[in-house]
Amino acid sequence: MSTDTVVGRRLDRKRLTRVRESVVAVLFGDRVGLALFLGCACLFALFWRTTILITDTYTLANGLYSLSNGNVFLTEAVYGPSLDTPGTEYYRGNPIARNYGAIVLSLPFWALLEGLGAVVDLRIGIVALWSLGLLAFVVTLGRHLDSETVVAGGSVLVLAVFGLNVALARPLDSASTHLYALQLFHLTVAAFAPVLLYRLVRRMHTSRVGTLTAVAFTLGTPLALWATVPKRHVLTATVVVAVAYCLYRSRMPTDGVLMRRPATFRALAYALVGLYAWVHAPEALLLAVVLALVDVPTAPENSPRTLLLVAVAFGLSLVPFFVTNALVAGSPIRPPRLLAVAGSGGGSGSTGTAAAGSGSGATSTGILTVLAPLFTAIEPVVEPLLLLGGELLVGAQAIVSQPSELYHALVRSGYTAGTVDLSNEEAVNLSLLESAPVLLALAGVVASLRGRRRRPSIPSRILSGPRVVDIFAILLLLGVTLQYASRLPIHAQITVRYLFPLYPLGIYLLIRLPVLRATLAENYRLFAWTVAGSIAVGGQLVVVVVALTTNGLGEAFQFHALLSLAVAIPLGVWAVAGSSDGWSGRVGAVLLGVTTALPALFGLLTAVEYYALGDTHALPMVRALGELLPLL
Amino acid sequence: MLLFTPPKSNVMMDYQRAIVLGVASVVVVTAVVSGPLVPGVTLTQEHDVAYGEGNATVAGVQFPDRVTVERASYGQEGYYLDIPPATVQFTSLSGSPTVTYRLSVAELGYSRSTVHFLDDGVGKRFEVTLQADSFGADELSRESYAGTLDVVVDDARSRRVVGQRNVTVEVVG
């Protein structure tokens with residue numbers, strides 16, 4: 001062996017390390033981001049049940065089945081009773097699936113699972129993948145903490161857990177890989193949401209604040225519960241956070257390895273929205289409008305070159321969407337779901353949509369008829385905008401005319417026509433606050449405003465990165481609420497999933513409040529121990545109370561709801577009082593810790609017990625836990 | 001960056017690396033062994049038992065004294081049926097018979113049952129439970145109803161009622 005090859009090999013290894021570091025930097029930001037991704041993915045897998053939670057998923061699974069056989073139209077009902085499942089539309093007699101973006105992007109996951117199934121037993125394969133992910137998490141965490149104990153001890157623990165899972169393993173139906181692929185795709189995208197939120201907040205503040213934000217988002221909202229459910233909600237959340245991140249980077253000098261100009265990030269923000277249109281056009285439209293409204297007026301420069309770059313990126317990102325529309329609906333600009341709003345009154349909802357949905361269609365078509373001659377040329381652009389405007393208007397009307405409905409959706413669910421399940425028996429649809437009680441800390445905005453003196457000067461047109469993202473978050477929060485206000489509360493929501501983007505946006509705004517940020521940063525150990533203690537010890541108490549005092553699903557859900565509110569109210573009071581000093585800060589950290597832990601507990605019990613869905617958990621140990629613990 | 005890292009505790013690094021690689025290899029090898037590449041090895045076994053087989057001789061059944069329908073709490077409306085478990089005493093038990101615990105309320109045209117699948121792990125005393133059920137707020141008009149609880153055993157011999165008791169279903173709250 002010559003010295004040349006040794007040097008060459010060393011160089012190769014160095015280059016390999018550099019490539020690896022660049023990949024980690026681009027995808028996860030840094031090692032903490034990578035650890036968050038791995039940790040979240042492994043956590044979400046605990047909630048994974050290899051079956052259907054909401055009937056809409058049949059449409060997607062059959063869509064992926066058809067696509068894997070080369071058909072864009074639905075061919076046969078491999079999943080579910082028939083092709084007539086919620087979300088299926090017809091074009092010239094051909095059944096069309098929905099959320100094509102999610103279906104197409106799940107194809108690689110399907111190929112992976114099929115490949116895996118060819119060499120290993122599918123159940124053991126999934127358990128092995130999960131164990132390797134956990135091992136990678138342990139190693140990343142150990143390296144970050146510079147702790148040999150974490151690496152070595154963690155590895156041994158992973159081996160033990162792997163052994164336990166294999167010992168408990170039962171076969172997994174290898175025919176349903178399309179469904180598993182969809183679930184795995186959604187899980188993967190969902191795991192990026194906390195990572196992106198971490199990266200955003202780390203750049204604005206510190207790495208520690210970023211990590212705490214990601215933890216609060218992962219555990220303190222229903223993210224984990226929805227991560228493995230093939231509904232668009234976790235995709236929306238990830239896209240929203242990613243757009244906020246790009247918006248922020250577009251206002252800052254670049255320092256990364258891939259993007260050299262801030263304007264590129266601006267283009268990327270629009271491209272993400274365009275790509276999301278492929279999944280769910282009506283929400284992407286709202287996102288595009290809010291983004292443009294916030295971005296263009298506040299940008300440091302709007303030169304023709306920059307605007308062209310943004311327009312080209314947006315246009316290119318819409319290509320898959322246009323191509324799919326052209327294939328399934330005969331016209332590039334007619335997404336089946338947007339048509340549905342104008343046509344039948346079926347909104348972007350799932351199983352059945354409230355009558356108000358058709359109201360939005362009627363309003364906008366009314367305006368359209370009057371102005372039709374003017375808009376013939378630009379109709380493709382104007383029509384969707386009018387539809388969106390109509391939807392928001394109907395939402396605003398609904399808030400004014402029926403404020404109690406919104407109260408049930410946002411604050412207290414209880415037993416009402418909108419919050420019970422389809423058989424009208426069990427109140428199993430929680431409100432936004434009951435699903436994420438930590439959000440009541442947003443009441444701290446009162447304290448922030450009180451402490452601020454009125455500024456006499458008119459603020460500059462060009463806004464800083466944090467300010468732009470703040471405005472984007474607030475506007476989008478209002479927009480999403482208005483878009484769905486007329487339909488809420490409605491069944492099959494569990495945690496107001498239509499308003500899912502409100503969870504990351506709320507957590508982001510929460511951490512932007514100086515008092516909240518200081519409280520968490522200064523008492524992070526207390527916060528972390530409170531979260532861990534509330535889940536480990538408080539969780540057992542909750543299990544006992546549920547077992548002793550509740551007889552059914554509705555009672556159990558409403559118990560969780562009241563528990564959430566009971567802790568949220570002191571948190572709200574504390575936030576209004578607004579002090580992070582001394583004992584007040586410690587009280588705040590404890591309240592934030594408990595409110596962060598409660599949704600994680602509710603999510604776990606929902607996945608393991610309330611909606612165990614025939615004990616179909618992907619991980620054998622979770623299934624065994626559910627079988628050991630008969631609660632209701 | 002890497003150039004300036006002091007070459008501290010190479011032994012420790014190697015030992016860590018060995019553990020991590022060792023665990024990863026065990027995971028991968030186990031997965032491959034489970035698959036079609038290594039025929040004859042199955043790591044996932046279906047819990048495949050033919051139920052309703054075997055033999056069960058029942059000495060007696062102890063039923064609860066009282067069955068209640070309680071008003072739901074925590075903001076859930078209507079009522080929940082709460083049936084305490086019954087205890088089945090076997091004199092002999094083999095194979096995998098099933099035991100069904102059932103409540104019928106003739107006046108409401110209502111009946112509900114939960115089937116329990118027995119296997120080797122079950123002892124001489126077995127507690128059978130009945131899954132809770134809910135009633136709408138307007139479905140119950142009286143304070144009590146006459147009901148019947150019974151336990152049915154299904155084994156290789158026959159399907160038969162091994163215990164029965166009339167109970168009063170009280171509406172509480």
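Just so it is clear, glycine is given a Cβ too, placed from its N, Cα and C backbone atoms.
All annotation found in TrEMBL is predicted automatically rather than curated by experts.
As recorded in TrEMBL, the features of this protein are as follows:
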TRANSMEM  A:23-48  transmembrane segment
TRANSMEM  A:149-168  transmembrane segment
TRANSMEM  A:180-197  transmembrane segment
TRANSMEM  A:209-227  transmembrane segment
TRANSMEM  A:233-248  transmembrane segment
TRANSMEM  A:268-294  transmembrane segment
TRANSMEM  A:306-328  transmembrane segment
TRANSMEM  A:468-486  transmembrane segment
TRANSMEM  A:498-515  transmembrane segment
TRANSMEM  A:527-550  transmembrane segment
TRANSMEM  A:556-577  transmembrane segment
TRANSMEM  A:589-613  transmembrane segment
Check: Hey, which bits of the same chain come close to the transmembrane segment (A:233-248), Cβ under 8 Å, at least six residues off its ends?
Finding: 102, 186, 189-190, 192-193, 196-197, 199-200, 203-204, 223, 226-227, 265-266, 268-269, 272-273, 275-276, 279-280, 283, 287, 291, 294-295, 465-466, 468-469, 472-473, 476, 497-498, 500-501, 503-505, 508
Next item on the list: Residue list, the transmembrane segment (A:23-48) vs rest of chain: Cβ under 8 Å, 6 or more residues beyond ends.
Entry: 130, 133-134, 136-137, 140-141, 143-144, 183, 187-188, 190-192, 194-195, 198-199, 202, 207, 210-211, 214, 218, 224-225, 227-228, 256-258, 603-604, 607, 617-619, 622
Margin query: Using Cβ atoms and a strict cutoff of less than 8 Å, what residues sit near the transmembrane segment (A:209-227) while being 6 or more residues removed from its termini?
Written below: 32, 36, 40, 43-44, 46-47, 186-187, 190-191, 193-195, 197-203, 233-234, 237, 435-438, 494-495, 497, 500, 503-504, 506-508, 510-511, 517, 520-521, 524, 527-528, 531, 535, 592, 595-600, 602-603, 606-607
Check: If you count Cβ pairs under 8 Å, which stretch among A:149-168, A:268-294, A:468-486, A:498-515, A:556-577 touches the transmembrane segment (A:180-197) the most?
Finding: A:498-515
Check: Who are the long-range neighbours of the transmembrane segment (A:468-486) in its own chain, taking Cβ under 8 Å and residues 6 or more past its ends?
Finding: 200, 204, 240, 243-244, 247-248, 251, 282-283, 286-287, 289-291, 293-295, 298, 354, 356-357, 359-360, 388, 391-392, 394-399, 406, 498-499, 501-502, 505-506, 508-509, 512
Checklist line | Whether the transmembrane segment (A:527-550) meets the transmembrane segment (A:306-328): three or more C-beta pairs under 8 angstroms | finding: no
